[in-house]
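To start, the structure under review is shown below, and the notes come after it.
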Amino acid sequence: MSNWLVDKLIPSIMRSEVKKSSVPEGLWHKCPSCEAVLYRPELEKTLDVCPKCNHHMRIGARARIDIFLDAEGRAELGADLEPVDRLKFRDGKKYKDRLTGAQKQTGEKDALISMSGTLMGMPIVVSAFEFSFMGGSMGAIVGERFVRAANYALEHRCPMVCFSASGGARMQEALISLMQMAKTSAVLARLREEGIPFISVLTDPVYGGVSASLAMLGDVIVGEPKALIGFAGPRVIEQTVREKLPEGFQRSEFLLEHGAIDLIISRGELRPRLARLLAQMTGQDTPEQAREAAAVA
């Protein structure tokens with residue numbers, strides 16, 4: 001073996017391999033919209049919103065609750081509930097195996113997390129869908145956790161906010177999943193009768209049985225920028241009606257323009273703007289008014 005190969009080439013290759021392995025995995029993230037390569041710690045500061053094109057990336061349910069609620073005084077509702085394969089359903093794979101896989105992947109028992117806490121000092125209860133868990137599909141446990149959150153709002157007379165991100169009813173639970181549409185709609189009717197505010201925040205994507213029930217029943221319906229919202233997907237609709245759909249069809253901006261939702265709020269503005277809105281809806285001081293009153297006192 002030549003001296004050049006031993007002294008120069010091999011050490012150079014080894015240094016290159018060491019350098020590659022020293023870069024932590026997940027340190028960089030490519031924006032799916034503009035394809036900008038973003039430094040992960042900087043992206044976290046913008047709440048997973050691309051600083052180049054303002055694309056709102058999908059985030060997990062716990063991350064969403066973490067950036068929305070105050071840090072202190074949180075309590076999870078229905079955390080002990082776990083899904084059961086009552087129908088022994090099987091398509092290409094057993095439902096119980098799909099559940100096990102989703103639980104390992106996400107660290108969650110099912111696709112909805114409900115939590116009580118405060119929003120800028122205001123008592124509140126929040127539910128958030130975990131889209132990574134079987135597409136955020138709604139089955140019996142998702143429905144029950146949502147109902148428990150709504151019952152908490154009824155008992156404590158505090159507002160409720162739900163962040164939806166779902167493909168719809170869970171196919172593997174058949175009629176049990178469809179029943180959750182009626183179950184969640186019924187408890188929201190009770191909130192409305194009692195005059196307790198419910199704000200629905202639609203994030204990318206919201207489809208199927210979730211969009212046909214709880215997601216569109218808010219006293220105020222908010223969309224994140226460019227979120228996909230609908231019942232069936234655009235391609236399915238185009239194939240059915242045999243027509244080309246308008247530009248931006250089913251995006252939150254299109255729905256706002258046509259009166260289907262009330263507001264579009266960027267992720268970084270959700271916390272202060274919903275706090276002000278809920279304060280007005282409940283007759284409480286806004287966070288700004290509370291600070292002014294405390295300063296005067």
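Counting begins at 1 with the first residue displayed.
Every residue gets a Cβ built from N, Cα and C, even glycine.
According to Swiss-Prot:
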| type | residues | note |
| --- | --- | --- |
| DOMAIN | 27-296 | domain 'CoA carboxyltransferase N-terminal' |
| ZN_FING | 31-53 | zinc finger |
| BINDING | C31, C34, C50, C53 | Zn(2+) binding site |
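Annotated Zn(2+) site C31, C34, C50, C53; additional same-chain residues within 8 Å of its Cβ mean position, judged by their own Cβ, are P32, S33, E35, A36, L38, P51, K52, N54, H55. The binding-site residues examined here are C31, C34; by Cβ neighbour count within 10 Å, the least packed of them is C34. Here the binding-site residues are C50, C53, and the one with the most other Cβ atoms within 10 Å of its Cβ is C50. When pLDDT values are averaged over the domain 'CoA carboxyltransferase N-terminal' (27-296), the model yields 96. Taking H, G and I as helix, E and B as strand and the rest as coil, DSSP gives the zinc finger (31-53) the counts 6 helix, 4 strand, 13 coil.
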